[in-house]
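In what follows, a single structure is set out as structure tokens and then discussed.
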């Protein structure tokens, strides 16, 4: 009989090894999945993980790594702070949409005026949009004790309807021949979030993601607030006795994650996406949850996890067009990753024992 | 706008249909939570049930086979959650989210090639005289069997939790798993069974959407119903009868806003479509004052040391 024995202290080695183990396990089982779909598993795995970086057309795909990774990292960093403290904002998708609507709305309000101040105002509007949307579950939680998981998630569906409404009404391009969707911000210089260095995929959103990583790292390791977040997550009672205010923490964590998601949405709509459309949101807000866990809620880990997840997006698209692999298979592949991560994570806190004999547990 | 086009009899009848999916799924989750487990994967299990049921019903031509397959599919998926939380001792919130994300992907994959097909229709109860009665006939005797199954499920769950010995054990496990373990109850086994039941019910609820309510298959068609089922359990303070009440409230709002859309009311369609979600939030806020009834071990990890 296998049984688990609690470790006195979480294993540091396994804390680093589990994400790698999870990725390897996902590759193996993903390969089996692709084989079941009638594709050569080795070719499929190589197409997803190797070709975007080193393949024949890698020069085209490499910039995409930052374009796709940027929003994922930015959102996941925000979420990770709350997750660490046991505050579950899972409505980042909605906050992302609101950030895009508010950011684009401010930009379009100035159209066709040109000015250096327009883009910064859009950034502020985007962050505020996400922040306000996240404050709804935040305030309801601190005022009435309402479950923030359910409220933040319900608000995703509300935001999606709002997005449909503004793309068909308020923000619709008056010169768009009646098609839904706003003006293209890529053609409006003052509002365009252009590449900072041509051909790299590096835009302001990616810069913001890197800044967020550094900010979160300093917050968690050097700042008292970061210490309070970690304390609340690991020992809620101790945190209360130490005088940590749960109200402030809930509002801070939800606020910062909302603002990050809002920023990501704003940078996306003014850059790679270009316009507000009904199907503008593509699930970054949900994938970012996987990124946050895969990165073990650690800023540097999230940076790496975000890039890896971006790789599966890009590789998935190549596999879709090249091998005819269904898009859903990639989505499942990403879900699988989180499963394996959670499953092997037990090895960090527990030792696997076989019967009564003392034996170090091998990886799953 | 023509409000007189809204027929109150049809409104109540369709309300019962609209409430059934969320009601069945919520009852399943209620049992899971009474056993002290928080499974946030209801949405994923529902959508998986929706496609399993749809696919099997289309292949076999039998809606009954479809519903059985849906329950099996939902239960099978829930076993992943059971493994993660009961054996690998993973965080229940994260595992539930993983289940939902995975289920959405899985269902989209399984559903390839099923878009735009009509499933075999689920027969309605048709009792010669009774079903033709004015008013009552349509509301009480004119539904498909799943509507009655949902109502029976609520009653059975209530009786199970209140009168059955097994129900008492289930509640004990949910209230205090350490004490239940000390008394010799198999905490993990009971919880795994509860999770499987929750998965099966979520699958049935999902299949009800794809086979009866809509009826066709589109990706992501459950559109948050699974999350609303989770909210219903909180709304109901973990009591079966109040799940029924909440489901009818939700069904009523859904049907009413659809009717208002059809009647061409001056409110834009998008705002009407978001109303069920907003009302769910409002109800959650009102109900969250009453916290005392949550099972005490809800969401806590159980690890037997002896």
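Any Cβ shown, glycine's included, is placed from N, Cα and C.
The transmembrane segment feature in TrEMBL is assigned to A:12-37 (among others).
Annotation comment: TrEMBL describes A:69-87 (among others) as transmembrane segment.
Look at TrEMBL and you will find A:94-111 (among others) tagged as transmembrane segment.
The transmembrane segment annotation in TrEMBL covers A:117-137 (among others).
Sequence annotations record features per position, and here TrEMBL assigns transmembrane segment to A:149-171 (among others). Cβ atoms under 8 Å from those of the transmembrane segment (A:149-171) belong to residues 88-91, 93-95, 97-98, 100-101, 104-105, 108, 133-134, 136-137, 140-141, 180-182, 254, 276-278, 280-281, 285 of the same chain, restricted to positions at least 6 beyond its ends.
Residues or ranges marked as transmembrane segment in TrEMBL: A:202-220 (among others).
The transmembrane segment annotation in TrEMBL covers A:249-267 (among others).
Residues or ranges marked as transmembrane segment by TrEMBL: A:287-311 (among others).
The annotation transmembrane segment is assigned in TrEMBL to A:323-344 (among others). With a cut-off of 8 Å between Cβ atoms, the residues of this chain six or more beyond the transmembrane segment (A:323-344) that come close are 18-19, 21-23, 25-26, 29-30, 33-34, 37, 39, 43-44, 47-48, 287, 289-290, 293-294, 309, 312-313, 316, 363-364.
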Best-contacting stretch, by C-beta pairs under 8 Å, relative to the transmembrane segment (A:117-137) and drawn from A:69-87, A:94-111, A:202-220: A:94-111
